[in-house]
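The next block holds one structure in the form of structure tokens; read it before the comments.
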């Protein structure tokens, strides 16, 4: 169980849709500080959030998830002046544009990895932080493939692979930072807009998705926070159809068994 009371939360996402609803729930958890990082500011949404809990400090910084790692490091050095420390990092920036493969990969995957790598030293209990939690908000088509949104699905599969890798005890026992992911099912904010399939053969299916049943952003946001509070390091959750379900992870190639000797410390030999 993870208690959000008094925690400093950094949320990388737009201040609308699922992110806004998640932040609304976070504001009911007596968090100390909330930082929202995105390329476009939404003053109305931030004012709405502040009205929910005036005692919680809210910050907004303009943030480009595609910036170079060196620039990110300078950026977060400035963020930390106001935040002091980060207990929870939530990465929810996402792009589904099958006509822009580079943008989709850079936003959903590369930007997430660079952000995590940049923020981790500020959370690492052996460095500048006291441990904490990283939550990657991803998609159910990062678990099962999508013949319609191939690039988007590939980027989300990458998020799952990175999350599970970073959650390995090799890191967690040292830095004290748990890493999890929540895979959101079809949500209203996603299907309400025009969608383009990777290949023309899938376009009729993409068009029909706009009328498919989907969960509300409010319910999805509630379940994202539930996953934070209930989850443990390495877990992957599905937030779909108004519910929250833990994914039963399976290993097909047991790396530790095959390379155990090479993965041991020299002192263990």
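Positions of Cβ are set from backbone N, Cα and C atoms, glycine also.
Less than 8 angstroms from the CB of residue 14 (NAD(+) binding site) sit 38, 40, 42, 93, each of them six or more residues away in the same chain. If you look up Swiss-Prot, you'll see 11-34 marked as NAD(+) binding site.
Marked as substrate binding site by Swiss-Prot: 139. In the three-state DSSP classification, residue 139 (substrate binding site) falls within a strand. A sphere of 10 angstroms centred on the C-beta of residue 139 (substrate binding site) encloses 29 other C-beta atoms.
All protein chains shown were included, and the count of other CB atoms within 10 Å of the CB of residue 152 (active site, proton acceptor) stands at 24. Taken from Swiss-Prot, the feature active site, proton acceptor applies to 152.
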Pairwise CA distance, residue 23 (NAD(+) binding site) versus residue 139 (substrate binding site), rounded so that it is a whole Å: 19
Greatest C-beta neighbour count within 10 angstroms, which of the binding-site residues 23, 32: 23
For residue 11 (NAD(+) binding site), the three-state class that DSSP assigns: strand
